[in-house]
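Pulled from Swiss-Prot:
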COMPBIAS  1-10  compositional bias 'Basic and acidic residues'
CARBOHYD  Asn227  N-linked glycosylation site
CARBOHYD  Asn242  N-linked glycosylation site
REGION    1-21  region 'Disordered'
TRANSMEM  42-64  transmembrane segment
TRANSMEM  79-99  transmembrane segment
TRANSMEM  126-146  transmembrane segment
TRANSMEM  167-187  transmembrane segment
TRANSMEM  193-213  transmembrane segment
TRANSMEM  272-292  transmembrane segment
TRANSMEM  316-336  transmembrane segment
TRANSMEM  370-390  transmembrane segment
TRANSMEM  398-418  transmembrane segment
TRANSMEM  436-456  transmembrane segment
TRANSMEM  469-489  transmembrane segment
Amino acid sequence: MSLRNDEQTEKGAVVGKVDSQLSGPGQEEIIQVQTQKPFTTLSAIGIGYGVTNTAVGLLLVLGTGIPMGGSPVIFWGFLAMAAVGLATATTLSELISAIPHPGGQYIWVHKIAPERYRRGLSYATAMISWIAAIAIGASGNLAVPVNAFTIVTLLNPNFVYQRWMGFVVFQLINIVTCFGACFEYFLPKISKALLLVNVLSVSAIIITLFATAKTHTSAKDFFKVVNVSGWPNGVAFLIGLNGSNWCFSCLDVATHLAEEIPSPSTNIPKALIWTIVIAFSSGLLMILAVLVNVGPINTPDYSGLTVLHHITGSKAAAIGLWVPVLFLVFASVWSIQTWQSRLAWSISRESGFPLHRHFSKIFPAPFYTPIWSLIGSAIGTALFGCLYLASELAFNSLIATGILLQYASYSIPTILVLYRGRSKFQHGPFWYPKLGFMANIVMLAWTLVALIFYCFPVYSEVIPSQVNYVSAVLILIAILITSLWFLYAKKHYHVVEI
C-alpha cells in the first residue's frame, strides 16, 4: 500500500488515504499511520548526540591521529572539526527550519533546485544520504566487536583475532538493534536515558584518568609534532583530521525526526546546536584528560584501551572504563538504525525504492514505526558485514566513504541556496544572514578539502594492506546511483510531499 493525500488530524495523528490491495482496484481506505509526536528537543538531542558520540568516539580514533603528528593533530584537529561541526549544524538548522521534512537533504534539493534538474538531483541526494547512513551503521556495528576483543588481547596477549569473530558479533548487534528500534513509544525515552548514561560515563572516565595518572605530559611534549607518516606536516595534519571529523559527523540525524517532534522548525535547530555544544564540551575534556595524563608511551599501539591501561596502570580499571565505552557505541548503532529507517521510509514515500509499497508503511500498535524500512536498512548493513568477512580492506574503504557522502548530501542543497541567493530563500525562524553565509562557506570549503585528502593513504610509502580505495568506491557509488536513476527512478521517483 502506498501513502496518498496525508493530512494532519487535531490530535496530531497523520491519516493517509491508501490504495488497498485487499478491497480491489480504485477503492480507498483510511488508515492511521502515526498517532503521536513523541520526541521533544531533549530526546532529539539524545538520539542525535547518541550517533555523534564525540567523547567516546575520540577514544576510538586516538590511533588515527598519533602517526600524523601526535598530540597537536588531535588537539588542534579537534578544535578545527568543532568549528566545521558548528558550521554544518548552522547550515542544516537553516534548511530544516525553512523546510521541515523527514526526508531532509533530498527534499530541500527538490524544493530549491531548478525545475529541469529537480528530480535527478533530489534522487541522487536521497541515495547518497541513505548509503552514507548504511556505511556509518556498518562502521558502528564493527567498532563494538573489534574494540571488545581488545579486552581479550589485554588479558591474553597470545589471543589472535579472526575476522569471522567480528563478523558474527557484527550481525548479532545488527539484529538486536534493529529489533530495539521497532517501537516508537520507547525511542524518545531510551534516547533521553542514553544521553544521561553518556554524560555520566564520560564524566567517570575523565575523573578517573585525572585521579589515577602517575605521569603527565610536559607542555613541550604536548605541542611537539611527531609525524611518522612520511607526508609533509601540513598534508599529514589534514589526513589526520579524519578521526576528529567522525566525532562531529551524522548531524542530520535529528532532521529526519521532523514528523515525530512538535514545531520542528524551531525544535530541531535547537537540538542540532545543543548537540554541538555537548559534543565540544565533552570532547575537549576527554582530549585533555587523555593527552595531559598519557605521558610517554612506549608502544606502537595507541588504541583506546591501551591508552587507558597506560594512564591508570591497572588492567581492571582500564577494562572497567572501556566497558561503558563499548555500551555507548552499541547504543549509537541503535540510534543509527532509527536514522537509516527514517531515511528509507521517507524516500519510499516518493517511490524511490523498488519495494517502496512495503518500505513506506507505518505499522500499527505497538510499533508505529516503518518496520520494513528498518529491516531493509538492516539488510543493507548486513551485506556490508559480509563484505568485511570477504575483504577487510574493501570494507574499510567502503565505510570510509560514509563521512564524505554525508558532506556531499549537505553540500548539494547548500550550493543551491547560494546559487539562488540567500536573500531570495524563503527561510524559517532559524536564520542568520551573515553567520549563516559564513557557515555555508566553511562547510563547503571543508567538504572540498576532505574529498581530496581523505582519499590519500595514511602513509606515503604504501603497502598493499594500506591502499586507500575511497576514490574508487566513490566512483562506483556514483555509477550505481546513476544506473538506478535510469533503470528505475527516472520513471517512478516523484516527490509528492513538500
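From the backbone N, Cα and C atoms, a Cβ is placed for every residue, glycine too.
Counting Cβ pairs under 8 Å to the transmembrane segment (272-292), the stretch among 42-64, 79-99, 167-187, 193-213, 398-418 with the most such contacts is 42-64. With respect to their backbone Cα atoms, Asn242 (N-linked glycosylation site) and Asn227 (N-linked glycosylation site) stand 15 Å from each other. Beyond the transmembrane segment (126-146), the same-chain residues lying 6 or more positions past its ends with a Cβ under 8 Å from any Cβ of the stretch are 51, 60, 103-106, 161, 165-166, 168-170, 173-174, 249-250, 252, 326, 329-330, 332-333, 336-337, 339-340, 343-344, 347, 350, 352, 377, 380-381, 384-385, 388, 395, 398-399, 401-403, 405-406, 408-409, 412, 477, 481, 484.
Taking Cβ-Cβ distances under 8 Å and a sequence separation of 6 or more, the neighbours of Asn227 (N-linked glycosylation site) in its chain are Pro67, Met68, Gly69, Gly70, Asn233, Ala236. Residues 42, 45-46, 49-50, 53, 55-56, 59, 278, 282, 285-286, 289-290, 292-293, 295, 308, 311-314, 317, 321, 324-325, 327-328, 331, 335 of the same chain, all 6+ positions outside the transmembrane segment (193-213), place their C-beta atoms under 8 angstroms from a C-beta of that stretch. Neighbours of Asn242 (N-linked glycosylation site), defined as other CB atoms within 10 A of its CB across all chains, total 21. Relative to the transmembrane segment (436-456), the listed stretch 79-99 leads the set 79-99, 167-187, 316-336, 370-390 in CB pairs under 8 A. Asn227 (N-linked glycosylation site) carries a strand DSSP state (E or B).
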